Amino acid sequence: MDLWSTVPGVRPSSINQALFQGLTSKRSDFQTALMICRDDGTKRATSHYPVTACLVPICSLHGAAVTTVEGVGSIKTRIHPVQERLAKCHGTQCGFCSPGMVMSIYTLLRNHPEPTPEQIMEALGGNLCRCTGYRPIIESGKTFCRMAEDPNKRRLTFQGERTTWITPVTLDDLLELKVNFPKAPLIMGLSYIKFKDEFHPVFISPLGLPELHFVTTTDDEGERQIPLNGPFLERAPEANLKSEEIVLSISIPYSTQWHFVSGLRLAQRQENAFAIVNAGMSVKFEDNTNMIQDLQMFFGSIGPTVGSASQTCRQLVGRQWDDEMLSDACRWVLDEIHIPPAAEGGMVEYRRTLIISLLFKFYLKVWQGLNKMDPQKFPDIPEKFQSALEDFPIETPQGIQMFQCVDPYQSPQDPVGHPVMHQSAIKHTTGEAVFCDDMPSLDQELFLAVATSTRAHAKIISIDTSEALSLPGVADVITAEDVPGDNNHHGEILYAQNEVICVGQIICTVAADTYAHAKEASKKVKITYEDTEPRIITIEQALEHNSFLSAEKKIEQGNVEHAFKYVDQIIEGEVHVEGQEHFYMETQTILTIPKAEDKEMVLHLGTQFPTHVQEYVAAALNIPRSRITCHMKRAGGAFGGKVTKPALLGAISAVAANKTGRPIRFILERGIDMLITAGRHPLLGKYKIGFMNNGVIKAADVEYYVNGGCTPDESELVLEFIVLKSENAYYIPNFRCRGRVCKTNLPSNTAFRGFGFPQATVVVEAYINAIASQCNLLPEEVNEINMYKRTSKTAHKQTFNPEPLRRCWKECLEKSSFYVRKQAAEEFNQKNYWKKRGLAAVPMKYTIGVPIAYYNQAAALVHIYLDGSVLLTHGGCELGQGLHTKMIQVASRELNIPPSYIHLSETSTITVPNAVFTAGSMGTDINGKAVQIAKAFEESISLSATGYFKGYQTNMDWEKEEGDAYPYFVYGASCSEVEIDCLTGGHKVEGAFIQGMGFYTIEELKYSPEGVLHSRGPDDYKIPTVTEIPEEFYVTLVRSRNPIAIYSSKGLGEAGMFLGSSVLFAIYDAVTAARRERGLSKTFAMSSPATPELIRMTCVDQFTDMVMEVPAIIAPYKGFQVLGLDLITTTKLNFKNFSFLTQAWWHMPAIPVAREAEAGGSQVQN
């Protein structure tokens, strides 16, 4: 059998491009997609290991057995227990990552049939999921784990009349048995028993211990040894490998009694992240002293090679290991280890701080080791500093979900209210759920690649496509000249013409027979520019140039200016909240098929708004919408990123299909997707708050500015949401909020889960915290003092009842034992200088729907066939949220038939025309109503019926600044506890909450001053992994009724996003505790996200001071900047637990210098 036939997904026509590319492009961006099986070279054993398909060169698989998810199990034959349990544990939503999760767990089981929870965590650590929050995936894996028991109880023991046979389960267990039965023989085979006529009362058989199954041999012929020292690590030519040499082995000698070695590392997240700084250090003392005999220090991730502090080490030889030595070492290392001002990755001051912070950690570790060797001569480090040396372990998370049970009198056939498995879950886990790129190749199909702008604002002088057109496989190059209709529809530009207005704007596309050919040709398009001023990148620059995309939006109640005159205190401040990348698992993917007749065009794509795609394609081709068909089967995640962007990309694809007359497959690579499509709006909030000394807020004047990018997109609607929701849960009698959308030379930001609310309410909670600090109150006390207490009107004069809000808040504080934990955290902080804990609780009043009535309508189509089966179609899109599953539940109840009788295939503009977008947590509400209404028609008319739901009648009059803008409210509260490491700043829970936690902590977009996005992939942009979720995560759905929504539905898909901010404010609380102990101001400017850098640099100490005393000449990394941050910091977050109403508890690390006092005690040296 030839190699290609063993590799599913690789067509012979793509052999050349597969040689050095990944095995398959399908769903392999960050997921394990294959299991590889090889023998160990001796033909005696085989090993199984998971691989990420896109990273495996095809030729490297020669001689290997390759298993894809299709080979594990199939709905056509038999599904594997891994696939079944992942589906039934609700571990799949959009399903795009599910095959990777299956392969990771399956491979683990092949190697370890009874894995431990820790092995499950490790196996899943390399996979990313944006939907589930990981908990249900872990739970499915844990169903295969053996129960954790005492190893002594796990021993396999056979007791005979005269002898006992014992099988140990661990190496430690074996060693213990050897101590207890020193004469007992070890049995590894049968020959001993059969041929030795000896009696032994005990036999020990360690057959199952893997440690005893490996043998290594050495052969010195043709080998030479190279010292693994500074010159080697710095890649000095005389110390490096010769070109004809390879590394055969590494010999690591045991350290001697007075020799200490340590490796230290800090990264943006615990796993699958390059180190920000790492260090390896070794010190050897003269026997029985702390006199340095030899010292070595190496630092990585500070430049192109490892940095050796050899000069510092030589100067310190002969010195005593004490605080004076440490002080000199820190200063000398900063002088010797040079980080270039334009170093890749930036963060120069932070990395310099980390260098000496890690050195200090090593200092403490060594001092602790000296103390263990001779407690009399070397006193232990103060107890207050010891927590600095405790690493945060990766724990298997635990969690509880509490929700309302189904009425016991409800018909067993009625599925409404039951936690039903996702309709496509089994297909997700077997890999048989069809996404756009899974659709088979079409005859004469072409691939599309884009040529984008490299300038933020410039005139296009010329476009030379001649070289691109001459390359093999290239069919055509498409530009603005080829658009038969509207190239600028509602302000959204398909192909740049005459000028470019952002980096990443599409100038032309190349159509070719393979994607590799198209991509190569796109690089050969020569574009000449002439830069244009102004180039506006940040909100501040937009304000300076008065550059806006829309008019101001404002709401106001009371008399703000008058109220400011009669308050005890007034505070003013600014808060910056950075943007966020959607990072859906399936990038934008479109298959466009031109029809032979009547200029018809068919598109298959993943979108939240097929009608919008239809509109843009029709406008671009200048044909009626009725000739454009959009099919939407499912999307591999969306989160708002597939509301408007697919329309623009669909139109671009359709223009190419129209020009070439051939099908076009248009799939964006991850980096291109991130560059072109942008994401959440960065926000600048300015506030002026008047309040009384008891914490009561009397007046608030708030301004919001969002970075909209270069075209309108959804920015004005996002701003309206921000302004209308700007009060959150608080009644402020005199309240004014204004907002503007800034026009900048960045790709246009768009809809994202929460639609502006997660950014805006950070500002609200920031001024709540500032008031608490001024009044010497807890923020939670200020929350409660100002929270709505009775049926009231919002600032835009919509009536609501806050009783569910207050119930959520009360239950959250009670279930999290907030005040008990707060006291415990304060006691912990008093005992620990370098680690601090913080707690925060936040309430939430979130509105569902859109303040424009026609966006709340929906339609459905129901066909009943003569055999009793039902075909259901509606206008909503399946994005992983289980919308189709819920619609089947609705139809099942309304038609009084089992769900198995109902089939729901896809969303299409043919079956349900003019459908609105699936967003804003409204999909179930409005489409469910439409399905319900369709059933009513069916009862009296025919076996085919259309149901139309007019929608909630919302309205907002911006001139009067009032209106019933939203159909209803949902409420929540969350509480998080965090522990931070003030020295390093590393980070250590469900669906939207996890996505929100990432937004507020580690997800960081980095642009240059020229408007170039540097964080364009998983190497540079970090979303939470399985190791970032809380160790304990509790979710409670508080029972309540919603009379206006179908079956009391509540739209919660987006609301949980903001609840992740409790983590952000818990970090603030911990940082405040650290600053307070250091005699620093309690109030300080901290923005979002609270990255390790931001936290570390805000926890000011002697190390940050030392870096500032010897400042590096800072130049932006290739022009690097983070949009909207006013200061920089760091911390290591270790999430302890979280509860969702909600509650969460976290942990982070920290460190001071211990000096022996004259009286024999110790003190902190600052």
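Along the chain as shown, the residues are counted starting at 1.
Yeah, the Cβs are placed from backbone N, Cα and C, and that goes for glycine too.
Per TrEMBL, these features apply:
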type     : residues                     : note
BINDING  : CYS94, CYS97, CYS129, CYS131 : [2Fe-2S] cluster 2 binding site
DOMAIN   : 262-366                      : domain 'CO dehydrogenase flavoprotein C-terminal'
DOMAIN   : 430-533                      : domain 'Aldehyde oxidase/xanthine dehydrogenase a/b hammerhead'
BINDING  : PHE755                       : substrate binding site
ACT_SITE : GLU1054                      : active site, proton acceptor
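A straight line from the CA of CYS94 ([2Fe-2S] cluster 2 binding site) to the CA of PHE755 (substrate binding site) spans 20 Å. Around PHE755 (substrate binding site), taking its Cβ as the centre, 28 other Cβ atoms fall within 10 Å, counting all chains. One way to see the shell of the [2Fe-2S] cluster 2 site is to take the Cβ centroid of CYS94, CYS97, CYS129, CYS131; the remaining same-chain residues with a Cβ within 8 Å of it are THR92, GLN93, GLY95, PHE96, SER98, ARG130, THR132, MET585, GLY636, GLY637, GLY880. As a summary of secondary structure, the domain 'Aldehyde oxidase/xanthine dehydrogenase a/b hammerhead' (430-533) carries 20 helix, 39 strand, 45 coil according to DSSP. CYS94 ([2Fe-2S] cluster 2 binding site): 30 other CB atoms within 10 A of its CB, across all protein chains. A distance of 17 Å separates the Cα atom of GLU1054 (active site, proton acceptor) from that of CYS129 ([2Fe-2S] cluster 2 binding site).
The Cβ of CYS131 ([2Fe-2S] cluster 2 binding site) has 28 other Cβ atoms within 10 Å, all protein chains considered.
On the 0 to 100 pLDDT scale, the domain 'CO dehydrogenase flavoprotein C-terminal' (262-366) averages 91 in the predicted structure. The shortest Cα-Cα distance between PHE755 (substrate binding site) and any of the binding-site residues CYS97, CYS129, CYS131 is the one to CYS131. When Cβ atoms from all protein chains are considered, those within 10 Å of CYS97 ([2Fe-2S] cluster 2 binding site) total 29, not counting its own. Every protein chain considered, the tally of other Cβ atoms within 10 Å of the Cβ of CYS129 ([2Fe-2S] cluster 2 binding site) stands at 30. Counting every protein chain shown, 25 other Cβ atoms lie within 10 Å of the Cβ of the residue listed as 'active site, proton acceptor'.
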